[in-house]
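As structure tokens, the structure follows; a few thoughts come after it.
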Amino acid sequence: MSYFLTQVLNGLSYGLVLSLIAAGFAIVFTSTGVLNFAHGSIVLLGAYLVAVLHPTIGFWPAMLVALFGAALVGVLINALLVRNLADPEPGAAAILMLGVDIVLLTELTRRIGNQVLPVGAPWGASVVRFGDIALPTGRVVAAGVTVVAFAALWYLFSRTDLGVGMRAAAADGPTASLMGIRLSRTAATGWALAGVLAAVAGVFLTSFPSPGVAPTIALSAFAAIPAWVLGGFDSVPGAVVGGLLIGLTSALVTGYEGDLEHVLGAGFGEVAPYVVMIVVLLVRPSGLMGSKEAVRV
Amino acid sequence: MSDLLRRLGGVALLVVALALPLVLDDFWLQTGLFVMAAAIGAVGLTLLVGVAGQLSLGHAAFAAIGAYVYAWSTGETTTSVTGGGLPPVLGLALAALVAAGVGAAFSPVAGRLRGIYLGLATLGLVFVVRHLLLNLTDWTGGFTGRSVESFALGGFSFSNRDPDYLAVGGVEFEGLHRLWYLFLLLAVVACWLAGNLRASRTGRAWANVRDSETAAAAMGIGVARAKAAAFVVSSAYAGTAGAMLALAYGRVAPDVFSLTASVDFLVMIVLGGLGSVAGAVVGALFVTALPLVLAEYSSALPFLAAPGSGGLDPSTASRIVYGLAIIAVLVLLRGGLAGAGRRLRHRLGGGGPSGDAGTTDPDTPGPGPTGRTAPASGTTDPSTPDGSHPAAVTHPRSKETTR
């Protein structure tokens, strides 16, 4: 029983980290209509900045630099590339982001090489015990930070002019623009927010129990895509639900791999999120909490 | 006039392609085989993404299915893997058919989703297929893969044996030379079929679905059916390309058909210009040959370091170059290389209208009832001589109207 509970808690805390990344996908998508395939690289970039800077300037200042760096890269990608697309349409933007991802990821991979860089998180490799359930402290901190981050997002989107403007821009860009909302500003805010969330998630993905920053982190950020799709493409609460579901699924499938292996094959934990995603898309093409498209033919 | 020039150019290219095995060494022959296999896959994908407007990140999954179906059906049963022992021609046909069948099985999803939504769903396919390849070890050989029987036709083998010695013009024709002609034939047929399909009723229906599903439905096009059909055709192309890759490698393994391979296919068609068959071929040439050539000649290029030395090694350099190439083409060139080439021809030939007709679709029936396609009609000149290029670029929306 405690094994089961440990898996569930692990899955939920991992799921919360995934939901940070998924929320980044959703925010960029709603604010600029771009499927940001470079998001994984930005997650890696955030973690890499912390890993490189923390020995000299300490963990928290490094974290601050990483947040700014990731946000800045996002804003620059939007301002310099996405807004200057020759054929501005979602497919071209998605492929552009694949190109950005290739460049960023290749360069970061070259810099990291074969090493695994520790991020030097202050909670180290300690473990929190609840009765006979043990959970890495990093995961507990991650869960707390994620909850705070989503509370802040909720406040931003429902209580501030900027957030309401972003929602208006997402709902109907031209009309919002006529009402005096600057679309360039809401778009930049969206990309910056996504970058900040990515950097936070990157640090949690690379601190204990993970050994450190390695290029594969960008690929595990890909696992947030099913979470995003599951929740609905344009919904931040959906990203949380999707993240939790995907986190639980992969933790349970991986945790009980021994029992499942002869049915589903080895390594099904990596595939399970995508299988769940395809099934959900079949039943509900706009995800669990996404807004339905108006046109059906 | 320009049509005649195009045909002459095509014939000249074909003659060159036929003569190349007489002069090329093994490295270039091998590269050529990979390019031709990739070109067929890219042409299939450009039909799906460029013409029918459905983003797919799952092309490598269908290529994998084709490759493994060929490997399994033509292979012999050994201690580690089973095999069908069928004739290679049948294996090649099966590769395309099974891949198309899987595409059809996926069409309930493909028919319901559009654009990037479909792209994400197909992303899942790559991971699922990879999982199957790793786990169905009796058929696939698992992580290390399985070897592939060489192609043969009526006792003539496309390998170094049977006949042991074959020479044309004093050059010994070995397996690579023989495969070159087989691949060239397949590639030419595939491009010809794709070009015709794109210009046909079906292709125009697909382009119409891409531009506006509502308008297409109003004109009597079965939207779900058209989308599913595009998916099936593209899957068949991918299956064929996969089988050819298997032949060119002589071995299949799951890592060949990773997500990177899917992205590579997309990059090919974007660089070439979405919807353009010739563009897809040029894109395949660039994406496939660049890493191989950089790796082969890295010692001659001073800015490249040896792999593993921490410097800029050839594979890193080629990935950065083509990442930048994608960005540059998407930001600077409307309609990719094909679009740029078309504009250049207009400018040089002077026969065409000065308007940028390359990005509009002269064959698409007029503005849709929704009015979404209406702005395009302003830049469309019905006398465009470029009628062989329907559905050239993704959207009829012109830059001027969206800014």
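Yeah, the Cβs are placed from backbone N, Cα and C, and that goes for glycine too.
According to TrEMBL, the feature transmembrane segment maps to A:12-29, A:34-53, A:59-81, A:133-157, A:187-206, A:212-231, A:238-256, A:262-283.
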Under a criterion of three or more Cβ pairs within a distance under 8 Å and sequence separation of at least 6, are the transmembrane segment (A:12-29) and the transmembrane segment (A:238-256) in contact?
yes
Contact check, the transmembrane segment (A:34-53) vs the transmembrane segment (A:187-206), 3+ Cβ pairs under 8 Å, seq sep 6+
yes
Who are the chain neighbours of the transmembrane segment (A:238-256) in space, where the CB to CB distance is under 8 Å and they lie at least 6 residues beyond its ends?
3, 7-8, 10-23, 25-26, 150, 223-224, 226-232, 264, 268-270, 272-273, 276, 287-290
